[in-house]
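Worksheet: one structure, shown below.
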């Protein structure tokens, strides 16, 4: 809490306190001095009396006359301060004593010798003196005197009263002097306070503090005056500025009001425009949403239809190939050959549609491998020229290349087949030429190629060149047909390889399509280039191999084992779960391991990690029913070398055996992307051919090259496996055991896929995902019952 006492009183109080403390210290020093002098004087008096009495008592002590001694002691009655006197003999025995009336007797015990000197001390408010009595320098006795200090107390009280009176008078005089002298300090301070208070109250900065001295207070007053003068100057300038601002505000306000009126008019117009824009935006958003939905629907439709068309088309092509290998007459061979050409053309169109969908979705991935581009270009020219019946001269002008290039050979081949195919389609006579324009090696170490496909065909009108590379666009579609996807795909693929496809053409004079590609190069000794061989033609080389197959479904085990026996003349070892696969891989030396990804106890991913951790480098190939990029990537990260998509085909097994154990195992170069699974690995989905049993029997018969005995044996095994898995599903559903239900559905899916029933296998996979996603139990039950009902005709 702040004090409200004035500085004047504070100064007086502080000075009086200092004066009082000094006076008190002086008084205490004086009292101490008085007491000391009094005690010294008292000791001298008592000792003098002791000497006199001692001399007068030598005779009494010598003649042993106590009465004479007491008479000598009685002379002390004239000294009022002496309370008691005791005379001791030489032996320390009391010889005579004196005691003032009213004083209690207290004879001290004499102890020790005084050695010819007196002793004194103060205790109990009294003075005690012991003095020896001499006779001819011989101590014949001792005299003890005790005196009170009443005289001292009386003196102290008297002096104290005097000091109090003097102190009171001094305080009064000091107060009067301080009251007079403090004005020299407080008046200038009061001037400062008064001026500051007045300035704070009135804001009148013209006030000044009077200068009364040249000391610190005068300097303070001068500083305050200068500050007030500066503030007053600022105030005048501020006032002038304020007046100027008022004029400016009035002027600007008028301008602002005029601008506001104009703004209100413009705002009114903009509100109308905004409302119209909002309406148009809503319409545009709806149109955009409809367009987006239409595009997505189109993509879904294309993907679905392409898949559905490929399913029967694969069977058509497959059966056509089988029929072509049988004896046919010329007419049948002609019809079947045309049918195969149409089927392959349709498959090519479907592949183009799928590629467009992947490119638009950003999902098309390029492989990376070394290949001979000179050989590839020659092969492209040979393929197109051999199928052309027109009178066209085919020219090949590619210089020799003593190096390999690294890239996606299939996609590069697709680009040149499209361009050469277009040239053949639109050139009735003349020439078609494939040549290299230039090649240069940039600083990055890659090589930039520029190739050209030149034809002398009908050419392209200038106004059509701008839309030539748009999808589903053709210049002469009415006469020549086609989808208009080839050039769009070619340019898109080239740009994915840091290149491009451009065109130079004029109507009636032919066209030139330029293809630029940037590819890494390596000497022709670089790994990755292998002569193509038919995997099945090498089957005799595989009979000595040791192969481990990890698969948990008996049906799948039977199919894979029969494929190895019939087509590759070898007997694989079987592991029925991941742990067993790890143990067998560690206890035996295998040339190849085929690993199912989903197995009980320990899945294929975990088993592969354990095998790799044990230092085993045997090639491991994943087996899975899903061609999902995430599954492939997980398999590769775990240490697997390749990937086969169920149902397992003999061609897929042959390709893997040729790649890894055929004496020409590919050694991947640093940074090379592993080859993706071949298209064959997806397996053909057979069209419905009567009942499910008939479909499965046809699939097994085709798989084992027409061996109906083995096919029927496989059918019985498949029916038993499906029946067993259905019972497991019904038991898990009854016991509400979702883990067992998922395991049974997974096994059922594998059996169905390996039985040539992909649609039913996919239904089991979808139901498995529903169960894993924690769907409603009612839905799970109804979906499961529907699947069981669908499969009953197959196994009953």
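Backbone N, Cα and C atoms are what each Cβ position is placed from, and that goes for glycine too.
Nobody curates TrEMBL annotations by hand; they come from automatic prediction.
The annotation compositional bias 'Basic and acidic residues' is assigned in TrEMBL to 679-689.
Confidence over the domain 'HAMP' (183-236), given as mean pLDDT on the 0 to 100 scale, stands at 78. Annotation source TrEMBL lists domain 'HAMP' at 183-236.
Residues or ranges marked as domain 'Histidine kinase' by TrEMBL: 304-521.
Residues or ranges marked as domain 'Response regulatory' by TrEMBL: 546-661.
Under the heading domain 'HPt', TrEMBL lists 707-796. Within the domain 'HPt' (707-796), the DSSP-based counts of helix, strand and coil residues read 77 helix, 0 strand, 13 coil.
Residue 596 (4-aspartylphosphate) carries a strand DSSP state (E or B). Long-range Cβ neighbours of residue 596 (4-aspartylphosphate) (same chain, at least 6 residues apart, Cβ-Cβ under 8 Å): 550, 551, 552, 556, 604, 623, 624, 750. Look at TrEMBL and you will find 596 tagged as 4-aspartylphosphate.
For residue 746 (phosphohistidine), other Cβ atoms within 10 Å of its Cβ number 20. What TrEMBL lists as phosphohistidine is 746.
Annotated region 'Disordered' per TrEMBL: 664-689, in sequence order.
Residues or ranges marked as transmembrane segment in TrEMBL: 12-32.
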